[in-house]
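K.L.:
This structure is in structure tokens; I'll ask about it shortly.
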Amino acid sequence: MRDLVQRPEGTASTHCTAEQYDAMYRQSLANPDAFWLEQAQRLDWSTFPTKAGEWSFDPVDIAWYSDGSLNLCHNAVDRHLADNGDTVAFIFEPDSPDSPSRSLTYRELHSEVVRMANALKAMGVTKGDRVTLYMPMIVEGAAAMLACARIGAIHSVVFGGFSPEALAGRIEGCESRFIVTADEGLRGTKRVPLKDNIDAAIALLDANSPVDGVLVIRHTGGKIAMQDGRDHWYTDVASDADCPCVEMHAEDPLFILYTSGSTGKPKGVLHTTGGYAVWAAATFYYTFDYQPGEVFWCSADIGWVTGHSYVTYGPLLNGGTSVIFEGVPNYPDHGRFWDVIDRHKVNIFYTAPTAIRALMREGNDWVTSRDLSSLRLLGTVGEPINPEAWRWYYEVVGKSNCPIVDTWWQTETGGHMITTLPYAHDMKPGSAGKPFFGVQPLLVDNEGNPLEGAADGNLCITHSWPGQARTVYGDHDRFIEAYFSTFPGRYFTGDGCRRDEDGYYWITGRVDDVINVSGHRMGTAEVESALVLHPKVSEAAVVGFPHDIKGQGIYCYVTLMEGENTSAALTAELRQWVRKEIGPIATPDHLQFTSGLPKTRSGKIMRRILRKIAENDYGALGDTSTLADPSLVDRLIEGRQNR
Ligand code: WTA
């Protein structure tokens with residue numbers, strides 16, 4: 001078949017061959033309990049569980065390994081000390097290539113995590129408390145996650161690019177009384193005022209959600225304000241005192257991570273300890289075919305789920321070496337990623353298609369001038385990859401001898417769900433491939449009827465898996481509504497998907513009101529709420545449109561309050577406004593003023609029409625006769641063309 005790229009041959013230590021995949025996948029469906037209890041042996045348990053999955057999707061109640069207990073920090077760090085204490089756990093590559101890089105062995109990481117856990121305890125953090133981490137990509141970020149896990153606190157990492165407004169919502173949302181941050185972050189030539197943003201966020205909080213303690217890591221040495229009694233320098237409160245790992249039930253919460261959905265504010269997705277750990281450990285092991293001693297680099301920020309599962313937990317649960325990169329792909333120049341690979345002899349590299357597309361555009365010399373011969377395997381995540389970018393990644397970066405794993409998954413799934421395994425499956429550029437063990441995808445039409453064989457439909461998962469999110473923090477009804485109500489009894493992913501005649505899955509993108517900008521999930525509703533907060537804005541509708549580099553861009557239709565006038569200055573002001581409300585990742589690409597939005601007679605905005613107009617595709621607007629004001633469409637098109 002033309003679009004098939006043959007997998008390389010494995011070696012004797014390959015974790016999964018084609019035959020093994022078939023047998024293991026079959027077994028994982030036929031006897032999930034036995035399969036997942038065996039996989040649980042990847043971890044050290046205080047009490048080994050006697051059962052694996054106990055779950056129902058109707059009513060929605062999910063538990064795994066419920067009578068087992070363990071500590072995740074012990075599994076990620078302490079248990080490696082006896083035999084592998086001198087193995088490097090993290091390699092830190094700073095923002096500037098001229099600053100020194102740093103590597104920490106498991107023994108050194110252990111000391112750092114103990115110090116961090118003692119610092120948290122000194123602020124009063126105890127088991128079950130929510131701790132917000134708002135950190136640059138430095139070792140202390142991962143150490144703070146592990147320190148929370150060590151003492152049974154629940155971490156909620158907020159991406160350092162979010163604004164004080166967005167941050168405040170996430171602190172309030174999980175009633176987090178403790179924060180870990182740094183003075184400033186560095187991204188290319190920019191300094192990110194992390195501590196100032198924390199101060200601004202706290203000032204926005206309701207008086208009923210006090211923040212009791214802020215732990216501050218000195219990173220850049222930039223000037224910041226410290227509030228007596230509330231703010232503590234890390235080095236002042238850290239100590240080397242003995243700090244044992246707290247035994248946790250498998251179903252005790254591990255972390256909350258906020259993510260965008262099709263409606264309302266971001267949701268605090270909750271993951272628990274045992275099942276998530278098995279999932280992170282097993283997917284890392286099989287998908288990347290990780291071999292001891294290899295250097296693994298996932299370029300995601302720990303503020304996203306990819307950073308949770310594949311910068312911190314997956315690699316460390318496997319005793320691996322993980323690179324933490326503070327900088328950006330284009331600083332000081334477009335060869336930075338390839339420099340990092342060359343400098344640290346990276347064997348496995350995992351990044352987003354948006355970065356691949358942006359770097360591809362800069363030409364091959366940036367890549368070919370570096371020695372990338374250490375690379376063995378490449379991976380992508382976060383959005384569909386177009387075959388052209390896939391080919392470039394495969395041929396120019398991987399020199400046609402590194403398999404590519406295109407991993408489809410979500411914040412809610414905890415880890416990989418659909419991906420080829422590097423030595424088990426041939427690859428098809430643009431297809432994520434086959435389901436991971438235990439994953440049972442189902443394509444359904446819009447009425448929920450299952451589609452067999454080669455088909456195109458809505459992607460659901462019919463059976464629970466250990467890494468599945470258990471709930472939305474504090475709002476189980478919202479969890480049910482968001483994921484189990486569209487197609488009752490099934491987990492609905494929000495993605496459209498095609499399955500081909502070979503059983504390969506091709507993710508076609510979101511079918512709900514979520515857009516994917518540079519691999520980051522964005523709720524169109526969030527951008528709309530930000531816009532209508534502006535005093536001059538009356539109504540807003542936001543849609544995604546295809547963007548060469550970012551995958552999707554953000555297109556906003558805005559109607560103004562009576563008497564307000566459109567202007568270039570107002571456009572600029574509104575773009576700035578959204579950046580301030582959410583963060584730079586939400587900056588609108590295009591803003592079109594309009595006298596009205598296309599609505600049905602019952603007042604529902606017809607987004608289908610707005611999407612088509614944003615895409616510059618006027619031929620297929622479909623039926624517009626149900627619109628309250630059909631003439632509006634022509635005015636919208638005219639506005640689009642004159643934009
Ligand atoms: C999209 C990121 C195509 C998808 C791990 C999903 C992908 C959303 C892929 C989740 C892929 C992720 N191919 N699309 N390999 N991986 N997506 O929660 O739309 O930030 O629903 O998790 O990203 O984004 P999230």
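Positions of Cβ are set from backbone N, Cα and C atoms, glycine also.
According to TrEMBL, the protein has these features:
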type    : residues                                                               : note
DOMAIN  : 21-76                                                                  : domain 'Acetyl-coenzyme A synthetase N-terminal'
DOMAIN  : 78-463                                                                 : domain 'AMP-dependent synthetase/ligase'
BINDING : T306, N330, S518, R579                                                 : CoA binding site
BINDING : G382, E383, P384, D406, T407, W408, W409, Q410, T411, D495, R510, R521 : ATP binding site
DOMAIN  : 526-604                                                                : domain 'AMP-binding enzyme C-terminal'
BINDING : V532, H534, V537                                                       : Mg(2+) binding site
MOD_RES : K604                                                                   : N6-acetyllysine
K.L.:
Please list the DSSP helix, strand and coil residue counts for the domain 'AMP-binding enzyme C-terminal' (526-604).
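P.N.:
Across the domain 'AMP-binding enzyme C-terminal' (526-604), DSSP assigns the residues as follows: 24 helix, 27 strand, 28 coil.
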K.L.:
Take the domain 'Acetyl-coenzyme A synthetase N-terminal' (21-76) and count its residues per DSSP category (helix H/G/I, strand E/B, coil), listing them in that order.
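P.N.:
Going by DSSP assignments, the domain 'Acetyl-coenzyme A synthetase N-terminal' (21-76) contains 26 helix, 13 strand, 17 coil.
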K.L.:
Please state whether DSSP places R510 (ATP binding site) in a helix, a strand or coil.
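P.N.:
Looking at the DSSP assignment, R510 (ATP binding site) belongs to a strand.
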K.L.:
Out of the binding-site residues listed (T306, S518, V532, V537), which are within 10 Å of G382 (ATP binding site), Cα to Cα?
P.N.:
T306, S518
K.L.:
State the count of C-beta atoms found within 10 angstroms of the C-beta of T306 (CoA binding site), not counting that atom itself.
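P.N.:
Result for T306 (CoA binding site): 24 other Cβ atoms within 10 Å.
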K.L.:
Counting other Cβ atoms within 10 Å, pick out the least crowded of the recorded positions R510, H534, R579, K604.
P.N.:
K604
K.L.:
Please name the residue among the binding-site residues V532, V537 whose C-beta has the most neighbouring C-beta atoms within 10 angstroms.
P.N.:
V537
K.L.:
If the criterion is a C-beta within less than 6 angstroms of any ligand 1 atom, which of the binding-site residues N330, T411, V532, H534 pass it? List them in sequence order.
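P.N.:
The binding-site residues passing the 6 Å Cβ test are T411.
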K.L.:
So of G382, P384, which of the binding-site residues has the fewest other Cβ atoms within 10 Å around its own Cβ?
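P.N.:
Sparsest of the binding-site residues G382, P384 by Cβ contacts within 10 Å: P384.
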K.L.:
Please identify, among the binding-site residues T306, N330, S518, R579, the one with the smallest Cα-Cα distance to T411 (ATP binding site).
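P.N.:
Sorting the binding-site residues by distance from T411 (ATP binding site), the top entry is T306.
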